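Student: Shown below is the structure under consideration.
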Amino acid sequence: MFKFYTMDDFDYSGSRVLVRVDINSPVDPHTGRILDDTRMRLHSKTLKELVDENAKVAILAHQSRPGKRDFTTMEEHSKVLSNILDMPVTYVEDIFGCAARESIRNMENGDIILLENVRFYSEEVLKRDPKVQAETHLVRKLSSVVDYYINDAFAAAHRSQPSLVGFPLKLPSAAGRLMEREVKTLYKIIKNVEKPCVYILGGVKIDDSIMIMKNILKNGSADYILTSGLVANVFLEASGIDIKEKNRKILYRKNYKKFIKMAKKLKDKYGEKILTPVDVAINKNGKRIDVPIDDIPNFPIYDIGMETIKIYAEKIREAKTIFANGPAGVFEEQQFSIGTEDLLNAIASSNAFSVIAGGHLAAAAEKMGISNKINHISSGGGACIAFLSGEELPAIKVLEEARKRSDKYI
């Protein structure tokens with residue numbers, strides 16, 4: 001199925017393996033303590049498997065970006081990883097210099113080291129062609145002391161940076177278990193989708209939703225798109241519904257005016273497939289009031305209405321495949337979390353193959369205790385959106401090209 005190598009294709013016993021992961025995590029700015037270790041747990045399967053195969057594992061990762069308060073070293077990450085893996089993960093305060101290379105050379109079978117934050121290196125934040133990235137100091141220096149490269153960082157796969165796209169041009173390379181699982185799942189809902197397929201798109205990132213809609217409606221993978229959040233407001237406005245000045249101001253303040261025109265084009269072309277709310281919940285002086293869309297007063301819309309929830313829940317029950325991204329409303333406030341929670345409960349109780357993406361929706365599912373009833377919660381963020389939008393992901397493309405080159409000589 002895969003056009004790239006997976007971990008099944010190589011024997012790592014006794015070999016030095018460089019593993020790129022994405023363990024970028026929320027950090028307490030005062031204590032430096034990691035507040036959520038979810039991403040580290042997601043990569044644990046790949047790392048444990050390599051240790052069990054007696055590989056010598058060097059981890060390459062980033063934390064935040066230059067200028068941010070949480071742009072820190074990887075020292076705390078090594079401690080958390082040690083606890084998760086139940087074995088020492090040695091922090092090396094170097095990326096590709098003498099200390100890093102010597103640490104890699106001196107590893108014993110089953111050892112794991114975590115190199116310094118790769119974004120401390122200036123060239124790492126530059127997005128360039130893989131051939132250029134393959135000649136950076138980072139890639140050339142580390143390639144000289146390792147035998148294999150594994151990319152498990154699906155969440156960063158949309159970035160053409162040295163640590164993500166350079167190594168497959170220098171080393172035998174494969175996708176890690178998390179990368180493999182993410183790609184397999186997303187292919188299933190785009191290429192091998194079981195119908196009917198329902199997309200539930202909410203939240204505030206209108207550009208993401210518009211890009212996804214353009215692709216999935218054009219390729220026919222989606223049967224229905226259920227809109228909520230600011231996404232719904234844009235489509236209501238595009239449909240000629242008077243959402244009132246306060247709600248229009250929010251759209252204009254966020255520079256979403258251009259998306260209203262895009263939404264109108266999509267609605268005109270695929271109208272029957274794009275569902276918008278029939279009622280909404282407004283915040284009137286701190287109180288939830290449900291109103292029909294043809295009678296919205298000048299108060300901010302904070303959620304979809306109860307009638308809309310019923311209609312959307314029925315579409316979810318009929319679906320064989322479901323993808324959801326973004327909350328239905330201001331779910332942080334209990335009285336306006338009804339839309340988000342009811343739709344998530346409908347997804348969890350359905351027999352469909354279900355995928356959710358986005359940190360807010362994943363957090364809501366976790367808080368509700370239904371994460372285990374969702375088939376897949378994507379770690380991808382921007383990479384997931386790019387994939388569903390039909391974009392090529394540079395880190396995956398170079399893995400595929402590496403396999404093509406290798407297969408020629410077999």
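Keep in mind that glycine also has a Cβ here, set from the backbone N, Cα and C atoms.
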Student: Of the candidates Arg101, Arg105, Arg119, which does Swiss-Prot annotate as part of the substrate site that also includes Asp22, Ile23, Asn24, Arg39, His62, Gln63, Ser64, Arg65, Arg159?
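Tutor: That substrate site, as Swiss-Prot gives it, pairs Asp22, Ile23, Asn24, Arg39, His62, Gln63, Ser64, Arg65, Arg159 with Arg119.
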Student: Among Glu332, Glu391, indicate the single residue that Swiss-Prot lists for the ATP site containing Gly358, Gly359, His360, Leu361.
Tutor: Glu332
Student: Substrate site residues Asp22, Ile23, Asn24, Arg39, His62, Gln63, Ser64, Arg65, Arg119, Arg159: biggest Cα-Cα distance, Å?
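Tutor: It comes out at 18 Å between the most distant Cα atoms.
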Student: Where does Arg119 (substrate binding site) sit in DSSP terms: helix, strand, or coil?
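Tutor: Once the DSSP labels are grouped into three classes, Arg119 (substrate binding site) ends up as helix.
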Student: Neighbours of the ATP site Glu332, Gly358, Gly359, His360, Leu361: Cβ within 8 Å of the Cβ centroid, same chain, sequence order.
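Tutor: So the extra residues in range turn out to be Gly203, Gly326, Pro327, Phe331, Ala362, Ala363, Ala364.
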Student: Sorted by position, what residues of the same chain at least six away from His360 (ATP binding site) have a C-beta under 8 A from it?
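Tutor: In sequence order, Gly203, Gly326, Pro327, Phe331 meet the Cβ cut-off.
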Student: Can you tell me the CA-to-CA distance separating Asp22 (substrate binding site) and Gly358 (ATP binding site), as a whole number of Å?
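Tutor: Per the Cα atoms, Asp22 (substrate binding site) and Gly358 (ATP binding site) stand 15 Å apart.
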